[in-house]
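To start, the structure itself, in structure tokens.
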Amino acid sequence: MAQLYFYYSAMNAGKSTALLQSSYNYQERGMRTVVYTAEIDDRFGAGKVSSRIGLSSPAKLFNQNSSLFDEIRAEHEQQAIHCVLVDECQFLTRQQVYELSEVVDQLDIPVLCYGLRTDFRGELFIGSQYLLAWSDKLVELKTICFCGRKASMVLRLDQAGRPYNEGEQVVIGGNERYVSVCRKHYKEALQVGSLTAIQERHRHD
């Protein structure tokens, strides 16, 4: 039986690398995969999933209006799909998560979703909220804070490198705008108003 998987983490935990490896594993066995990524995130070029270690794959784009079940069913009828993989799945809508569950339940195609659990305010993304609620399997991909603890929070930094937790939920950026940290140092950085000061303090402890 196919299942719906949600692989979640903070930033820079290797989600895209894990997705590309999973896709490769299917293809190596002669199976066909379809990869989706969010239209909104084009840091590495539109229409592809890229990892920080240099791997990449062509990808179909989804936005809030995409009818994923209809798209996948139509393509599956043309040529069998053995696995659907979705990068940046935090940007899915509630309806799209439901449609992906239908891909699993009605078409018997496994769906592997990769994305962030929470935003820079510590709030769940809509896509992540419903994947946490409806997935068959939840898998945390771990990355670490500068202190060595598990990093479960994402700090947003302004142009001067100062952390803040107000404003729009979605501002696309790479390392220059977001940093993964543990909960303790997330709270401390916001209280002090400087991630650098917290890092310096930690080095001297």
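Any Cβ shown, glycine's included, is placed from N, Cα and C.
Annotated features in Swiss-Prot:
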BINDING   SER9, ALA10, MET11, ASN12, ALA13, GLY14, LYS15, SER16, ASP87, GLU88, CYS89, GLN90  ATP binding site
ACT_SITE  GLU88  active site, proton acceptor
BINDING   CYS145, CYS147, CYS182, HIS185  Zn(2+) binding site
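Location within the structure of each feature annotated in Swiss-Prot.
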residue : record              : DSSP (3 states)
SER9    : ATP binding site    : strand
LYS15   : ATP binding site    : helix
ASP87   : ATP binding site    : coil
CYS145  : Zn(2+) binding site : coil
CYS182  : Zn(2+) binding site : coil
Whole-number answer please: how many Å between the C-alpha atoms of HIS185 (Zn(2+) binding site) and the residue listed as 'active site, proton acceptor'?
25
For the recorded Zn(2+) site formed by CYS145, CYS147, CYS182, HIS185, which further same-chain residues have Cβ atoms within 8 Å of the site's Cβ center?
ILE144, PHE146, GLY148, ARG149, ALA151, VAL181, ARG183, LYS184, TYR186, HIS202
Pop the Cα-Cα gap between MET11 (ATP binding site) and CYS145 (Zn(2+) binding site) into the table, whole Å please.
11
Candidates SER9, MET11, LYS15, CYS147, namely the binding-site residues, that fall within 10 Å of GLU88 (active site, proton acceptor) by Cα distance:
LYS15
What is the total of other Cβ atoms whose distance to the Cβ of LYS15 (ATP binding site) is within 10 Å?
24
Surrounding CB atoms that lie within 10 Å of the CB of SER9 (ATP binding site), all protein chains:
23
Report the largest Cα to Cα distance, in Å and rounded to a whole number, among the residues SER9, ALA10, MET11, ASN12, ALA13, GLY14, LYS15, SER16, ASP87, GLU88, CYS89, GLN90 that the record lists as binding ATP.
15
Can you tell me the CA-to-CA distance separating LYS15 (ATP binding site) and CYS147 (Zn(2+) binding site), as a whole number of Å?
21
CYS182 (Zn(2+) binding site) and ALA13 (ATP binding site), Cα-Cα, nearest whole angstrom:
13
I need the CA-to-CA distance for SER9 (ATP binding site) versus CYS182 (Zn(2+) binding site), whole Å please.
12
Rank the recorded positions ASP87, GLU88 by how many other Cβ atoms lie within 10 Å of each Cβ and give me the one with the fewest.
GLU88
Sparsest-packed among the binding-site residues, when each Cβ's other Cβ atoms within 10 Å are tallied, from ALA13, CYS89, CYS147:
CYS147
